[in-house]
């Protein structure tokens, strides 16, 4: 009591202390970064390696496997996957969440250095790594277009001038340049001319290589001067290469131009990018794990004017896609919901108190508590994001509860005739322990959340600490600032016995009278009330088990990612045409703003698209509805399939799949995997719970298989190396020389002219020189036949792997899809040699489902322990916790009513309800215990008196919490799909709990009091018997 008196008697100190809390919070608010969600990025490192012309199988065995063996020794790797395609290998390492990304990068570099001696000698460069997740959507896409410059020149500008500059910006991990390739001198050989001039392909390669060299020539000097020697040993343009002498036919000179067409072109002619219906080069920008997306994008935008100055006037640099507008809009909506919640809560207080002065007290306490929280958020390294702002919105109802309980009790004493200061001191002393119990037990709910690890723990941690801080500050304000303001602001109020019987006060009075009558009736039918209570326990179990579940609500970010998968034997030109048609059809949709995409590179049959939708306020359909419409519209494109998925802020794993969820098949025997994967994929494709079912297993690519007759080769004086060199020279786009320029390096690329590679007859024109200098046709020692070959080879760990990706159609949830997959695997009788595991988000969802009930139980046990310590009782905490089953039923029924699946956000709502609804029981039970102890009342008299006297503050606190959550439940606009499940859960739980616990709590209080008395009587009788 002395502590409370200190704050009441020193209003200046109390006011300034509260002002200091507010100022620190305001400063923290201005310094807080902004983000869509708490930082939950897994440390992911992606390694790239290339060997131009190598088949996927060659890349897998000679590049991927040695690297995997070295990288697999690194500590802290959760998952290692690799994908090898034509001429390239990509290895993705997903580390434990607690692994520092920079430490991981150092370990990766050391492993790459150690494996260098195991890699093929023909690799043009060492493997390189990026600290980015290939499965993440890019944060920004820039495009380069020009009416005067070709794609090779644009690509050169993008990679040489822009990509390096952007990569240096803080927060940027990787800048991928797509839609083309670097300029190059291309040598297109004519097999007929080579035959007629008796020139081999290797003669041409050696001649070009020896004619373009760059080596130091030294210098000459005397006593006075020094001269560096510089020669014209380097050739830079196609016109410089054409006169090269490649062979002598007796006295006749054969120049390169006699046997080939030499042009200034690009390294890889089989790559194309498009944006806005015109050719474009794309700069796809990804952020580093842990980097703030909005700050990173802001830094990039700040650099754009300088970047444009580096480009010729004829080149246009545009922002094709920016991830941040919808993030900013979503946060603005949450802030609006927070403001509405504060206003509604204060309105509730005013309706009950009917006094401007009295309403001013919680109207001050709420913002002080909320604003002060920002300082703690800043010190903890948090951000202003959807979850932290939702925590503050929900906290509005919590923080006002404490002020309401104190204010209402002080007001009651003033109405009974006490002076304001006396009423303030007496009132806060009476309910101080109640407020402390309410706050500490509410904080206890979040202790298990704070101890959680993994992605879910990271998501919950920021929410829990933000809410806990707001509750802690609210507790302090309610026991200091609130009684002080009551003592000084309420002094003009005089007792008015009937003042509360007008308007809203009259309604509450009638409700209280009605409650008194119905409570007496309930006390006469205790068994029925207990039966209802037990029924709610069973209903909770049924509703939870049968509830449709998902990992995280599907967000409408206004961004879609598109993946085109075509026939495995498709040509680049056909693939480019299909991409163009797909993009034109998508761009014509009424809700689509822009489409950017590219195809080519190592995967000729694949294309990628980045689609921006119109702002949510300008379209009538959600992102998923747009996807469904486009899926139907584009389903009949022959030879190609389009897969679309919405960009999400929460995505686990490192796989770049064609759909949102993945199911991976693993086998030690590749033949077993090839046998079962098509059967499983077909079965899953027929399930109604899945859509867009596809696999990364591509083993039906067209191949021309050559078989060497080694005996004949030996007789003819030809070795396998010579034969392979012939094929590489002819068909491998072989990079045979390097052109060194001031800002970059370019290649000289040699292959047979495209007109001679249209069919298998090209092999008949191939000749190799034997050891005697004789020209031997390829057909003399080799035979060939068409076959199938893999377009990609995939590993997980060191096992062969194939990932089946899928989306979930409307009307079903992720839990439905997972159950259907597991059921199908059992029905198919898949052997133990083929193992199926969920990956990425689906895997995290499975782990979360297993821990949800444990988490809820841990929260309940923690609250029980805290309440037991506070009340020094085993029984009273059970009475207080008896309010939870009805809240659970209300929450789960509300989710069903609004057709909302049970997700992590709904789980947060359930955890909050554990803290909210027990407040009413605490208010009731605490008063009854005091009345029994000090008023010498029976248990029934005490609980009836407590129920009636505390009816008004119970209704006030419930309505405050309900109206605090109502803006979330009724929210619309950007990010509403995140806010609604939380609001629905809280509002539904509060309504059902309020309806039932006003009756069940008194009955259960009396039940446990009877148990306590019988137990005490039994102990007493035992003592007497022993005496």
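Cβ atoms here come from the backbone N, Cα and C positions, even for glycine.
Annotated transmembrane segment per Swiss-Prot: 16-36 (among others), in sequence order, evidence recorded as sequence analysis.
Tertiary proximity for the transmembrane segment (333-353) is limited to same-chain residues at least six positions away from its ends with a CB under 8 Å from its CB atoms, namely 359, 362-363, 366-367, 370, 386, 389-390, 392-393, 396-397, 400, 404, 407-408, 411, 504-505, 508, 952, 955-956, 959-960, 963-968, 971-976, 979. Here Swiss-Prot flags 333-353 (among others) as transmembrane segment.
The annotation transmembrane segment is assigned in Swiss-Prot to 360-380 (among others).
Positions annotated as transmembrane segment by Swiss-Prot: 387-407 (among others). Away from its own ends, the transmembrane segment (387-407) comes close to residues 37-38, 331, 334-335, 337-338, 341-342, 345-346, 349, 353, 358, 361-362, 365-366, 369-370, 373, 377, 427-428, 431, 434-435, 438-439, 442, 459, 462-464, 466-467, 470-471, 473-475, 477-479, 482-483, 486, 912, 915-916, 919, 923, 953, 956-957, 960-965, 967-968, 978-979, 982, 986 of its chain (Cβ-Cβ under 8 Å, at least six residues beyond either end).
According to Swiss-Prot, the feature transmembrane segment maps to 431-451 (among others), an assignment based on sequence analysis. Distant neighbours of the transmembrane segment (431-451): 4, 398, 401-402, 405-406, 409, 457, 460-461, 463-465, 467-468, 471-472, 474-475, 478-479, 855, 858-859, 862-863, 865-867, 870-871, 880, 911-912, 914-916, 918-919, 922-923, 926-927; these residues of the same chain sit at least 6 beyond its ends, with a Cβ under 8 Å from one of its Cβ atoms.
Taken from Swiss-Prot, the feature transmembrane segment applies to 463-483 (among others), supported by sequence analysis.
Feature annotation from Swiss-Prot assigns transmembrane segment to 528-548 (among others).
According to Swiss-Prot, the transmembrane segment annotation covers 853-873 (among others), on the basis of sequence analysis.
If one looks beyond the transmembrane segment (875-895) by at least 6 residues along the same chain, the residues whose Cβ comes under 8 Å of a Cβ in the stretch are 441, 533, 536-537, 539-540, 543-544, 547, 860, 863-864, 867-868, 901-902, 906, 909-910, 913-914, 916-918, 920-922, 925, 929, 981, 984-993, 995-997, 1000-1001, 1004-1005, 1008-1009, 1011-1012. The transmembrane segment feature in Swiss-Prot is assigned to 875-895 (among others); the stated evidence is sequence analysis.
Swiss-Prot lists 897-917 (among others) with the feature transmembrane segment.
If you look up Swiss-Prot, you'll see 953-973 (among others) marked as transmembrane segment, on the strength of sequence analysis.
For the transmembrane segment (984-1004), the residues of the chain that approach it from at least six positions outside its boundaries are 394, 515, 518-519, 522-523, 526, 529-530, 532-533, 536, 878-879, 882-883, 886-895, 897-898, 900, 905-906, 908-910, 912-913, 916-917, 920-921, 924-925, 943-944, 947, 951, 954-955, 958, 961-962, 965-966, 968-969, judged by C-beta separation under 8 angstroms. Residues or ranges marked as transmembrane segment by Swiss-Prot on the basis of sequence analysis: 984-1004 (among others).
The recorded stretches the transmembrane segment (463-483) and the transmembrane segment (16-36) share 3+ CB pairs below 8 A when only pairs 6 or more apart in sequence are counted, and are therefore in contact.
Pairs of Cβ atoms less than 8 Å apart link the transmembrane segment (360-380) most often to 16-36, out of 16-36, 528-548, 853-873, 953-973. Away from its own ends, the transmembrane segment (528-548) comes close to residues 522, 812-813, 815-816, 853, 882, 885-886, 888-889, 892-893, 895-896, 901-902, 996, 999-1000, 1003-1004, 1007 of its chain (Cβ-Cβ under 8 Å, at least six residues beyond either end).
Within its own chain, the transmembrane segment (16-36) is flanked in space by residues 292-295, 327-328, 330-331, 364, 367-368, 370-379, 382-386, 473, 477, 480-481, 649, which lie at least six positions past its ends and keep a Cβ under 8 Å from the stretch.
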